[in-house]
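S.K.: Have a look at this one before I ask anything.
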Amino acid sequence: MESTKIQSQMLNGLSHPGVCFRMYTEDEARKIGVVGWVKNTSKGTVTGQVQGPEDKVNSMMSWLSKVGSPSSRIDRTNFSNEKIISQLDYSNFSIRY
């Protein structure tokens, strides 16, 4: 039986922007096995979308909230628009500019 797929929007407030957060996020997403995207915002935060099996999305959400890149300090992470989806909108995880 195929596992339930979910998606979640992410907004990550970092106190140290420019610390390769997007690159580490892309690497971690590929290791975990989720798809979606991540990008910097003009406000010095990071936003993105994660899709995949529920357990893998939850693992990625935990990493985004607690670990991040080695030099980042995560002030807060907000997840929204969590929902069950019938199919993935992306074939990989990428950095957007």
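Including glycine, each Cβ sits where the backbone N, Cα and C put it.
All annotation found in TrEMBL is predicted automatically rather than curated by experts.
Values in this document were obtained by computation on a predicted structure and should not be read as measured data.
Take a look at what TrEMBL says about it:
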DOMAIN    6-97  domain 'Acylphosphatase-like'
ACT_SITE  R22  active site
ACT_SITE  N40  active site
S.K.: Rounded to the nearest angstrom, how far is the Cα of R22 (active site) from the Cα of N40 (active site)?
M.R.: 8
S.K.: Specify the count of other C-beta atoms within 10 Å of the C-beta of R22 (active site).
M.R.: 20
S.K.: Which numbers of helix, strand and coil residues does DSSP report for the domain 'Acylphosphatase-like' (6-97)?
M.R.: 25 helix, 38 strand, 29 coil
